Amino acid sequence: MVKVLINGYGSIGKRVADAVAMQKDMEVLGVTKTKPDFEARLAVEKGYKLYAAIPERKPLFEEKGIEIEGTIFDVIEEADIVVDCTPGGVGKDNLKMYKEYKVKAILQGGEKAQYVEDNFNALWSYDRCYGKDYIRVVSCNTTGLCRILYAINSVTDIVKVRAVLVRRGADPNDVKKGPINGIVPNPPTLPSHHGPDVVSVIPELEGKIFTSAVVVPTTLMHMHIIMVETTGTTRDNIIESIEKTPRIITVSAEEGLNSTAAIIEFARDLGRMRYDLNEIAVWEESINVVDNEVFLMQAIHQESDVIPENIDCIRSMLEMVDDKMKSIEMTNKAMGLLK
Ligand code: NAD
C-alpha cells in the first residue's frame with residue numbers, strides 16, 4: 001500500500017482523499033488543514049489523520065477540540081507521494097519543501113506548467129509521467145478537452161481545434177467570486193490560455209488549437225463548444241469512439257438531460273457523493289460532422305473530473321501499474337464511474 005499525503009483539504013483535496021481511500025493499492029497517510037474549521041472536524045470524524053499545514057497554527061486546532069496529530073513536518077517523510085491541493089500559486093511555493101524532503105508531489109491545474117517535469121492526463125501522458133517526481137494534473141477544463149480530443153484523435157487526424165469555454169463563475173461553496181449578473185470575457189484577449197495548457201499535455205497540437213473563454217453566473221458546471229477540423233471522419237465514427245473512451249459519457253437532451261442543471265440532477269440521482277460527475281458529458285444531439293469538421297458540446301463538472309486523474313497520476317509516478325488502461329480501469333471501478 002502506498003502512502004499518500006494530501007496537502008490542502010479543500011474542494012479538490014477532500015475528493016482526492018476520498019478517492020485514494022477507495023483504492024485497494026493506496027491509503028491516505030493524512031490530510032492537512034490551515035484552519036480548524038468544519039472541514040477539519042469532518043476529516044477527523046471520517047477517520048483521516050489531520051496535520052497542521054502551517055506549524056504555528058497547531059494550537060488553534062487543539063483550542064477548538066479538533067484532534068490533530070502534528071504538523072506536516074511530522075509526517076512528510078513517511079509519505080510516498082504528496083498530492084498538493086492548495087489554492088493556485090501555493091503549490092509552486094510548496095515544491096521547495098517537497099524537494100527538500102525528497103518526496104514526490106503532484107500539483108494541480110492552478111499552477112503553471114513550467115514548474116513541473118510534465119503535465120498529466122491519464123489518456124495522453126500516463127507513460128510520459130511514469131516514474132517522474134513532480135507532475136501537474138491539468139485543470140478541469142484542460143482535462144475535459146484532452147479527453148474528448150483523445151476520442152476524436154483515435155479515429156482521425158486532427159488538423160485544427162477551436163473551442164469556446166463557458167466557465168462557471170464560482171464553485172458552489174464560494175461566496176466571494178462572481179459574476180452574478182453578467183457574462184465576462186475572461187480572458188478578454190484571444191486566444192485564451194486554455195489552448196497552450198492543452199498543448200502542455202498534447203505537444204502535437206502546438207499551433208493547432210485556439211480557445212476563448214467567458215465566465216457566466218452559474219456554479220454547477222463548465223460547458224465547452226468544440227469544433228475540430230480533421231482529415232476525415234463521420235458522425236458514427238465519432239460516437240463510436242466516444243463510447244470506447246473512458247470517462248466520457250453521452251447524454252440526451254431529448255431524454256431530459258437538456259442543461260447542466262439536469263446533468264447535475266442525474267449525478268444526484270446516481271447517488272454520487274457531493275453530486276460529483278467525474279465523467280465528461282457530451283450532448284449526443286450536438287455531435288455533428290460537416291466537411292470533415294467535428295462539432296459537439298460537452299459539460300464538465302469542475303470539482304470532480306480531475307479526481308480520477310490524480311489517482312492514475314499517483315500510479316504512474318510511483319510505477320505501480322505500467323499500463324494506463326489498466327490503471328484507469330482500476331480507478332474507475334473503485335470509484336464507481338459509469339465507464
Ligand atoms: P480550495 O480553496 O477549495 O481548497 C484549497 C485548500 O487549501 C483550502 O482548504 C485552504 O485552506 C488550503 N490551503 C491554503 N493554503 C495552504 C497551505 N499553504 N498549505 C496547505 N493548505 C493550504 O481550492 P480548490 O478548488 O480545491 O483548488 C485547489 C487546486 O486545484 C488549485 O490549483 C485549483 O486551480 C485546482 N483545481 C480546482 C478546481 C475547482 O473547480 N475547484 C478544478 C480543477 C483544479
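Glycine is no exception: its Cβ is also placed from the backbone N, Cα and C atoms.
Just one of GLY89, GLY110, GLY232 is listed by TrEMBL for the same NAD(+) site as SER11, ILE12, ARG168, GLN302, and that one is GLY110.
Only SER139, of the binding-site residues SER139, ASN141, HIS194, have a C-alpha within 10 angstroms of the C-alpha of GLY110 (NAD(+) binding site).
Each residue in the domain 'Glyceraldehyde 3-phosphate dehydrogenase NAD(P) binding' (2-140) has a pLDDT score, and their mean in this model is 98. Distance noted between the C-alpha atoms of ASN141 (D-glyceraldehyde 3-phosphate binding site) and ILE12 (NAD(+) binding site) is 14 Å. The 6 Å Cβ screen around ligand 1 retains SER139 from the binding-site residues SER139, HIS194, GLY195, ordered by sequence position. Looking only at the binding-site residues GLY110, GLY195, the densest Cβ neighbourhood within 10 Å occurs at GLY195.
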